[in-house]
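S.K.: Annotations for this protein, taken from TrEMBL, read as follows:
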- 1-16: signal peptide (SIGNAL)
- 24-59: domain 'EF-hand' (DOMAIN)
- 179-214: domain 'EF-hand' (DOMAIN)
- 237-261: region 'Disordered' (REGION)
- 237-253: compositional bias 'Gly residues' (COMPBIAS)
Ligand SMILES: *[C@@H]1O[C@H](CO)[C@@H](O)[C@H](O)[C@H]1NC(C)=O
């Protein structure tokens, strides 16, 4: 049975490689699970996620021209690996250490949001709230203040209003648990590009922009290459037909595998 499934996935793989007329891609959620859930237990642990990115990185570097440095795919994977722990925490609503399908669905919702101004607006709104002296920079003092229970709750409410991430949802109406504070601290640290303890408005904008671009690219690549990438998780790229294609992402299609080898 397993062999049969594997052969099926292999057939689809061949199809995916053909010049055009690729089959309808499965939903991004399905694909994400297929690719990252290595032990096929229905959820993705951070360890599985990182291991998958490593495997993909090794794959991406195959056939690289010597002396040309990292290719675009490798760079993207490196970025993805850097952001993964934070992203993981934000999605892991129940702090179980593993993402279930419902939590994985946020990968797709995030992609839709990333294509709008959500992240930029969020950065603006958070700045307006925290930058009490309005100097377009969050001093370490202002960041500290943001971690005080009352401010933290307001901060989470702002994020939650635009983007009800599972890792923040738990707080709704209640006092922010420690893990939300830790999640936010991680994010704040990531926004402080030059690590000087203060966050300039521009610096934050650049970090958010970089995250957004990587996110869109990674998610679109996953979507496009999904049927093939499923192999890395030992998975079978089935379950197509849910949702169907939605707005072909122009940028991501550049990540499509080529068949000349
Ligand atoms: C972002 O903010 C602008 C200006 O307030 C608004 O017009 C736009 O609809 C917002 N975008 C999203 C996705 O919320």
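A Cβ is built for glycine as well, from the same backbone N, Cα and C atoms used for every other residue.
What TrEMBL says about a protein is an automatic prediction, not a curated fact.
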S.K.: I'd like to know the mean pLDDT over the domain 'EF-hand' (24-59).
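M.R.: The predicted confidence over the domain 'EF-hand' (24-59), as a mean pLDDT, is 88.
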S.K.: Just to be sure I understand, if DSSP states are collapsed into helix, strand and coil, how many residues of the domain 'EF-hand' (24-59) fall in each?
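M.R.: Per DSSP, the residues of the domain 'EF-hand' (24-59) fall into 23 helix, 2 strand, 11 coil.
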